[in-house]
Amino acid sequence: MIFHANPGVIDLGVNIDHVATLRNARGTVYPDPIQAALQAEEAGADLITLHLREDRRHIRDADVRALRPKLATRMNLECAITSEMLDIACEIKPQDVCLVPEKREEVTTEGGLDVAGHFEQVSAACRQLADAGIRVSLFIDADPDQIAAAAACKAPVIEIHTGRYADAHTAEEQAAEFRRVAAGVEAGQKHGLIVNAGHGLHYTNVQPIAALPGIKELNIGHAIVAHAVFAGWQNAVREMKAIMVAARLGTRYPVPGQPA
């Protein structure tokens with residue numbers, strides 16, 4: 001049975017990358033990211049997100065191929081704009097592909113895609129994926145120029161990078177980054193885009209972001225994997241989904257930069 005708490009209020013995409021990281025750390029076949037994905041669906045995940053990196057540091061090609069036909073919800077495949085990755089995506093045909101920047105030396109994705117600076121390349125990738133029947137999302141910073149460029153690329157979806165909000169060291173810095181994200185959501189909607197968000201969100205900073213009414217979906221992975229060490233995998237997924245839904249439905253949480 002798949003559990004859904006208030007379906008349609010706000011979607012949770014559970015990223016399974018770091019289940020694969022744990023598997024690969026010892027070169028074993030466990031923990032199985034496929035099993036993690038299916039159990040996440042049962043616990044209320046609205047989609048499964050996974051990033052096939054060029055160096056295959058966590059998710060592998062076989063994981064993507066094995067998972068695609070087993071999902072009851074939908075697959076959101078993150079990948080870089082390379083001919084290899086685009087060809088793999090067009091072969092496997094996930095429901096969604098989120099195009100992300102990628103550097104081999106980074107620990108995790110460090111910022112948004114520079115759509116404005118690589119407009120022709122991004123546009124071509126969007127066309128290739130759309131022609132294959134795949135919905136395209138662009139992972140970008142909450143920057144007006146990048147949002148406008150994403151709309152011009154004919155990408156129907158953007159995912160706003162929340163890393164700077166999540167990594168803020170002071171209350172003032174976090175409040176400023178929250179305002180940037182909120183403004184980015186509003187700008188995306190004005191361009192007619194579906195607006196998602198993610199990166200660095202966890203159990204004590206997700207509430208203000210989840211409360212923003214213009215956000216359709218949040219993609220969260222590392223925090224859920226980490227919390228599962230103590231709470232159990234399905235409990236961790238259920239708890240995150242419940243927090244997000246409560247925030248969207250009006251439960252009062254502190255908003256960065258506003259009085260409690």
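Cβ from N, Cα, C; glycine included.
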According to Swiss-Prot, which candidate in GLY44, GLY200, GLY232 joins ASN15, ARG26, GLY221, HIS222 at the 3-amino-2-oxopropyl phosphate site:
GLY200
Whole-number Å distance between the CA of GLU78 (active site, proton acceptor) and the CA of HIS222 (3-amino-2-oxopropyl phosphate binding site)?
15
Out of ARG26, ARG53, HIS58, HIS222, which of the binding-site residues is least crowded by other Cβ atoms within 10 Å?
ARG26
Sort ARG26 (3-amino-2-oxopropyl phosphate binding site) into helix, strand or coil using the DSSP assignment.
helix
